[in-house]
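Pulled from TrEMBL:
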BINDING   Y132, Q196, N223  NAD(+) binding site
BINDING   T246, Q268, H271, H338, D371, E425, H430  substrate binding site
BINDING   Q268, H271, D371, H430  Zn(2+) binding site
ACT_SITE  E337  active site, proton acceptor
ACT_SITE  H338  active site, proton acceptor
Amino acid sequence: MISTMRRIDLTDGALTRTKLSDALPRAALDTTAAAQAVAPIITRVKDEGAPVLYELAERFDHVRPERLRVPAEALTRALEQLDPQVREALETSIEHNRIGHTQQLPAPSQTQIIPGGTVEQRWLPVGRVGLYVPGGLAVYPSSVVMNAVCAQVAKVGSIALASPPQAEFGGLPHPTILAACALLGVDEVWAIGGAQAIAALSYGITDGEDILQPVDVVTGPGNIYVAAAKRLVQGTVGIDAEAGTTEIAILADETATPEFVAADLISQAEHDPAAASVLVTTSAALAEAVDAIIPTQARATTHTERILTALSGPQSGIVIVDTLDEALEVVNAYAAEHLEIHTANASQVAQRVTNAGAIFVGPYTPVPLGDYIAGSNHVLPTGGTARFASGLNVTQYLRSQQVVEYTAEALAQLTPQLDVLAREENLPAHGQAALIRAREGTSQ
């Protein structure tokens, strides 16, 4: 039998992160070249505004929108014409994501440090958010849901969404995107795509009577040019993480169902020829069974060539280890965007995972459940960044503020030590700000 996926034998137990990265190389998200192409676009949008956006729409999207702001009637029409089954599925996705994301809201707190001295931690939504949803060959209404619901749960007061104009739809974004916006109550939608959309959201534009006010935070997926644009506007606005190529790791033992494992590896390979699909297993028999099943399942899908290219690429493979402890060591070192656990006592095993964007526990929790309708967010850290980064969540749209309040007596108690530290740092005026209050208090 010809193997679809490479075998990586780590049964010698000598794992290092370098060894694993050599065995399963990830495509680097190098935005250097893209940034050079994008920087002039951002500058022109910032300086020249709407006329540049029409020009770039004709160049990149091959259509000139009638206007950049999508009319309200276009949103209404898109929802009216939406397939009822798609509408029902989107409504369920929205409902589940509202439930799941509401649980993420952090609670304010107030702590008494000393009698008369308190520090309050409070959370406030950012004022305005810009969401980007890509267009092109695929349509991603789920991206509208994942980003918009998160912002709405955070109680962001103003949301603008940009998506590329499409010639097929008369210069409007894809109607399913518009319908999703209508379902969510997002009524400020702009027919702008690519890096120029990121610039327009960040700096604002005026198009006749339509005004796109600058936002405070920009989130949403996109290609390498969108990622480069986000990097360039960071500091002017907040951004979410730069998303690279999708990836899945599956930790499985001899109890796993080969057909399930194969289907889940294929589901993420479907995204991109460079997508990473990795099986880490203690069972050589499972590895053989999965590899044997993959060609049949792949041929039954629409994107067979793309899937087989991804699964046979250097970024994908089947890692064989001796023990569950070694398997956990591998998946924690790999830090996958998506990690599935197909083992005995899967919930207990999941507790031992430290590095993963999201963990899908047991045979009936495939990654696509999280992609669409589980109530979790599908915007997750890629490329091993799950070691230090988190998936999109409500706090992306919140700011934490500390509110400090001390009485005269509480300040007086700490003034001597405050002054000592201020003089140690050669900042005597810092100490004086407390001492003057102490003197004022004693003179009264």
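Including glycine, each Cβ sits where the backbone N, Cα and C put it.
Any TrEMBL annotation is an automated prediction that lacks curation.
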| From the Cα of Y132 (NAD(+) binding site) across to the Cα of E425 (substrate binding site), what is the distance in angstrom? | 46
| field | Pairwise Cα distance for E337 (active site, proton acceptor)/T246 (substrate binding site) [Å, integer] | value | 7
| message | Return only the integer: C-alpha distance in Å from T246 (substrate binding site) to Q196 (NAD(+) binding site). | response | 24
| Nearest-integer angstrom distance between the alpha carbons (Cα) of D371 (substrate binding site) and Q196 (NAD(+) binding site) | 27
| remark: Looking at the binding-site residues Q196, N223, Q268, the one with the fewest other Cβ atoms inside 10 Å is N223
| Nonlocal residues around H430 (substrate binding site), in sequence order (Cβ under 8 Å, 6 or more apart) | L418, A422
| request: Based on DSSP, name the secondary structure state of H338 (substrate binding site): helix, strand or coil. | output: strand
| message | Going by Cα-Cα distance, which of the binding-site residues (Q268, H271, H338) sits nearest to N223 (NAD(+) binding site)? | response | H271
| said: I need the most crowded of these recorded positions: E337, D371, E425. Count other C-beta atoms within 10 angstroms of each C-beta and give me the top one. | reply: E337
| said: Whole-number answer please: how many Å between the C-alpha atoms of Y132 (NAD(+) binding site) and H271 (substrate binding site)? | reply: 19
